[in-house]
Every structure is written in C-alpha cells, then in structure tokens.
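Chemist: Below: one structure in structure tokens.
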Amino acid sequence: MEQTTVATTLAQRLVEAGVHACFAVPGDFNLTLLDGLLAHPDLRLITCCNELNAGYAADGYARSRGLAALAVTFSVGGLSAVNAVAGAFAEDLPLLVISGGPNTAALKAGRTLHHTLAQPEEGERFVQAIYREITAGTFLVRDLGAAAPRIDQALQTALATRKPVYLEIACDLATAPLPRPRPLDLVLPPPAGPAALAAAAAETAARLDAARQPVLVAGGRLRSAGGLGAFRRLAERCGYAVACMPDAKGFFPEDHPQFIGLYWGTASSAGCREVVESSDAYLFAGPRFNDYSTVGYSTLLRQDRLVEAHPGRVCAQGQAFHGVDLPGFLEALADRLRPNPEALEAFRRAQGPCAEPPEDGDPGAPLTTRALFRRIQACLEPGDTVVAETGDAWFNGMDLRLPDGCRFEIQMQYGAIGWSVGALLGLGAADRSRRVVGLVGDGSLQMAAQELSTFLREGLRGLVFVFNNGSYAIEAMIHDGPYNALQPWSYVGLAEALRGDAKLLARRVATAGELDEALAEARDFPGLALVEAVLDPRDCNKALLGWGTAVSAFNARRA
C-alpha cells in the first residue's frame with residue numbers, strides 16, 4: 001500500500017476541503033509539520049509576523065472560502081492566537097487551528113517541558129482546557145493509528161458546526177508513515193426532517209400573509225448558514241421591502257429595487273428604521289441581536305411581530321421549531337408566501353428626491369470625513385472587498401453604496417480592534433482576483449501593523465485608508481479619557497519600512513486636493529496602496545455620536 005505521512009495527509013485533507021492557503025507562525029514543535037504542509041503543490045504556506053494576526057488572516061480567509069487553517073506551535077503560539085480564534089467562534093467561521101504538540105515519549109516519561117506552566121500535575125493540558133471554551137472540539141494526535149481519523153473528524157466538526165476546532169499533532173508523529181487514505185468523504189449531519197421544517201414554514205407564512213406590510217431583514221449569520229441564495233429567492237418571490245443588519249451589509253444587492261437600506265436602530269439608513277419598526281410583521285433571517293447591533297438595546301421591535309430564523313431554529317412569539325435548516329426554511333417559505341410590496345411602496349413614497357451632496361469647496365482646505373468618503377465611494381469597483389475596522393469606519397462604511405458584486409466585511413459580534421489588518425491579508429489571499437479595500441483607524445493599525453509586511457510580501461492588491469485622527473475614536477464616543485489618545489506615528493514611513501522590494505504606494509494626505517492626487521495614482525496600482533488621511537479627531541460620523549451615547553448608557557446601567 002502506498003505510504004504517506006501524518007503531515008502530508010493533513011495537507012491533502014486541507015486541499016480536498018477547499019483550503020489552498022494556511023497561515024502559520026513557525027516554532028520548534030511544529031517545524032516538521034510545516035515541512036509537510038509546504039510540500040503540497042496546491043497548498044500555500046503564508047508565514048505571518050505573529051499568531052494573533054495569523055488568526056485574523058484565517059478569519060478573513062474563512063469568510064471568503066468557507067474554511068481556513070492556522071498552524072501554530074504548542075502553547076506560546078496557540079495561546080497568542082486565542083483572541084482571533086474566539087472572534088472566529090463568535091462570528092461562526094470554520095477554522096482549523098493546527099498546533100504542533102510535545103513529543104509523546106517526553107509526555108509519557110512525565111518530563112517538565114518548555115512552553116508549559118512548569119506544573120507537573122497540570123502538564124500540557126492547560127492549552128486544551130482553554131481551547132475547549134472557544135472551539136467546537138479539541139482533537140489530539142498522540143497515537144499514530146488515530147491520526148487520519150482525527151484529522152477527518154476535526155475537519156468534519158468545523159464544517160458541521162461552522163466553528164473553529166483545535167487539532168494538536170505531537171511533533172514526533174508529524175513525519176511518521178501512514179497508509180495513503182482514501183479521498184475525503186465529509187459526512188455532514190442532515191438537516192431536520194420535513195415535518196419540523198414544514199411546520200415552521202407554515203406558521204411563519206401564516207403570520208406574514210396576515211400582515212399588512214411585512215418586511216424581510218438579513219442578519220449576519222445568514223452567510224455562515226449558506227442561506228444567501230435562498231434569502232434572495234425568497235425576497236424576489238414575495239416582493240417585500242428588504243433591509244440588512246449592519247453585519248449583513250452586502251448580503252443583499254444594494255442596487256436591487258427592493259433594498260431599503262441598513263437597519264441599525266438610531267444609526268439606520270435614512271427611512272429604513274421607520275419602515276421596519278412600523279411594520280406589522282418582520283422576518284429576521286440569521287440575526288445577531290447584541291448591544292452593538294441594537295444600539296444598546298434601544299431598537300423598537302415588538303416581540304409579537306417578530307419572527308427570528310436562526311441556523312437550526314425558528315422562533316415566533318413563544319413558539320420554537322428546532323432542528324430547522326435555515327436555507328431549506330427560506331426556500332419552503334418562498335413557495336408559500338403571497339407577494340406583498342406594501343412596505344416597499346411605503347418606503348418609496350416617503351423618499352424625497354435625492355439631494356446631491358454639497359461640493360467640498362477649496363481643494364486646499366483641511367480634509368473632512370465627508371470629503372474622504374465621497375471619494376472612497378467613487379473609487380469602489382464591483383470586484384472589491386471592503387473591510388471596515390471596528391470603530392468610526394463601521395459608521396462611515398455603512399453609508400457606502402456597494403456596487404453590484406462588491407463585498408463588505410465587518411466583525412460586529414466580537415469587535416476586536418486590529419482585526420481588519422490580518423483579515424485584509426486573509427481575504428486577499430483567498431481570492432487574488434479581487435482588490436481589498438481597508439477602512440482602518442490609526443488606533444487599530446497600531447494593534448496589528450506588522451501584517452502589512454506579509455500583505456506586501458504576498459504581492460496582494462489592496463487600497464488601505466488609514467484614518468489618522470490621533471485617538472481611539474469609538475472608545476472616546478463611549479467614554480472619553482486621556483487613555484484614548486495615541487502616540488503619533490508616520491504611517492507612510494511605517495509602510496516604507498516594511499516594504500522590502502514589494503510594490504508599495506504610500507501617500508499622506510491632509511486636503512481634498514492631495515487625496516485626489518493620491519487616488520489617481522492608486523487607481524490601477526498593482527500592489528498595496530496606502531493612503532494616510534489626516535482628520536480632525538472631532539470630525540466623527542453623527543451616527544457614531546448617538547450610538548456611543550446609547551452604548552455608554554447601556555454599559556453604565558445598574559441591575
């Protein structure tokens with residue numbers, strides 16, 4: 001029988017599952033494992049500056065490809081990635097965390113090893129204990145006979161649960177011989193039986209058909225459940241007005257005639273909140289209701305009008321239907337609902353003529369956020385992927401009208417600042433035909449700036465806007481203090497220091513005229529174009545001001 005090794009088996013399984021890039025940081029426990037991954041012709045090993053950023057890159061890759069891989073060394077590497085893995089868990093992203101593990105002979109002998117807590121009674125188990133809290137499963141390969149089935153089980157668990165998993169392979173087993181396994185056969189759990197799905201669809205259809213002006217709202221879990229296509233077919237079949245929650249921006253085409261905007265409480269698009277909250281029935285498909293998405297739980301949704309369709313369950317006024325496949329439910333609903341454009345027509349009647357935004361005036365005047373985002377809007381292309389960092393970029397990004405085919409990524413459930421820098425790398429590596437457009441605050445960039453060097457080394461195409469206002473603006477809006485002020489950096493100088501011999505265009509702009517010149521240069525630039533935009537720290541999106549006040553009040557409440 002043809003022989004292979006544990007490491008090459010893992011590489012082959014990743015490729016069979018659709019993963020063609022693995023983000024990694026080398027360490028002594030994973031070096032031979034990395035050799036095996038590196039040897040596969042269809043798997044690119046992308047080594048990153050640190051494990052946190054590598055985890056953020058894997059997060060971005062999973063958003064595009066549906067599964068990602070991250071390779072780290074035992075303990076010090078795995079624990080450095082914990083924040084990114086927790087974010088992937090919160091955002092429903094399948095991610096295989098591959099860790100090299102200690103030598104099996106040393107473990108059996110009870111030796112005290114480096115990268116541990118030096119507590120013999122605890123040994124190496126503390127890493128697994130931590131990962132059990134932020135993954136759908138932890139899998140250890142310390143027995144050669146268990147290697148192949150545990151690799152397959154880890155992949156199957158990640159894809160079935162849409163969550164990260166942890167796979168640890170002992171360093172002395174990475175090169176151990178194995179019989180070449182059969183082609184990967186992932187057996188995912190079947191959706192619920194037809195009775196549960198039919199009952200949920202019948203109950204929901206009865207509620208929506210009885211309503212005068214029902215609406216549909218897309219939520220952030222819709223994509224991870226594989227429901228984007230089914231949601232669009234449902235929307236077009238029933239003719240309802242369609243809104244998106246902020247973490248679902250771009251899940252429904254923004255140039256579609258049924259699209260009415262972003263529903264985000266007081267930060268909603270013009271006219272959208274009024275239509276949604278005045279509706280007598282609303283179906284939210286894949287929603288994430290949290291203090292951020294509800295603006296401190298200040299939205300005015302009535303429970304007796306709300307139907308929530310989540311991955312695995314549908315809830316309506318105290319009733320719950322469990323084990324319901326979300327895409328299947330939406331497809332079944334599309335066959336039952338009567339068309340009803342009443343909410344859409346009400347929205348259109350309320351819309352006045354679109355006023356042209358005022359001109360920016362003197363091109364030599366200080367740059368404003370409004371002038372900056374007018375130009376970002378103008379330079380967006382159908383093949384772009386926009387990545388909005390946690391902070392003011394959320395709110396200004398929501399105002400962008402995405403061209404058909406342009407994607408938008410945000411991390412609203414977990415909300416880790418610095419996430420976008422690694423995510424830009426992962427999204428760019430996942431689809432090199434698309435340009436990634438980053439909207440990154442200066443405080444966020446200071447968290448994860450090193451990974452710009454990996455982006456440059458990989459030769460990816462990106463346009464990154466760094467909003468230099470000298471502060472953590474989003475935190476200042478929630479609760480200000482001297483701790484929100486930043487040490488000034490030269491972001492252009494930083495990018496130049498990281499470039500090596502890569503293709504880089506870096507410009508610092510402080511006026512609209514300088515921005516126009518920089519964007520003209522960046523339009524067809526084949527590498528990384530970084531634009532450092534100098535802004536007044538008081539020049540914040542008005543929606544951020546209201547949102548920050550509401551979230552601050554929610555945080556300050558007493559039980």
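Positions of Cβ are set from backbone N, Cα and C atoms, glycine also.
What TrEMBL says about a protein is an automatic prediction, not a curated fact.
The following feature annotations were taken from TrEMBL:
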DOMAIN    5-114  domain 'Thiamine pyrophosphate enzyme N-terminal TPP-binding'
DOMAIN    203-309  domain 'Thiamine pyrophosphate enzyme central'
DOMAIN    412-532  domain 'Thiamine pyrophosphate enzyme TPP-binding'
BINDING   D442, N469  Mg(2+) binding site
Chemist: For the domain 'Thiamine pyrophosphate enzyme TPP-binding' (412-532), what are the DSSP-based totals of helix, strand and coil residues?
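Modeler: Counts, helix then strand then coil: 54 helix, 28 strand, 39 coil.
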Chemist: Helix, strand, coil residue numbers for the domain 'Thiamine pyrophosphate enzyme central' (203-309) per DSSP?
Modeler: 32 helix, 22 strand, 53 coil
Chemist: Relative to the Cβ position of N469 (Mg(2+) binding site), how many further Cβ atoms are located within 10 Å?
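Modeler: Around the Cβ of N469 (Mg(2+) binding site), 22 other Cβ atoms lie within 10 Å.
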Chemist: For the domain 'Thiamine pyrophosphate enzyme N-terminal TPP-binding' (5-114), what are the DSSP-based totals of helix, strand and coil residues?
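Modeler: The breakdown for the domain 'Thiamine pyrophosphate enzyme N-terminal TPP-binding' (5-114) reads 54 helix, 21 strand, 35 coil.
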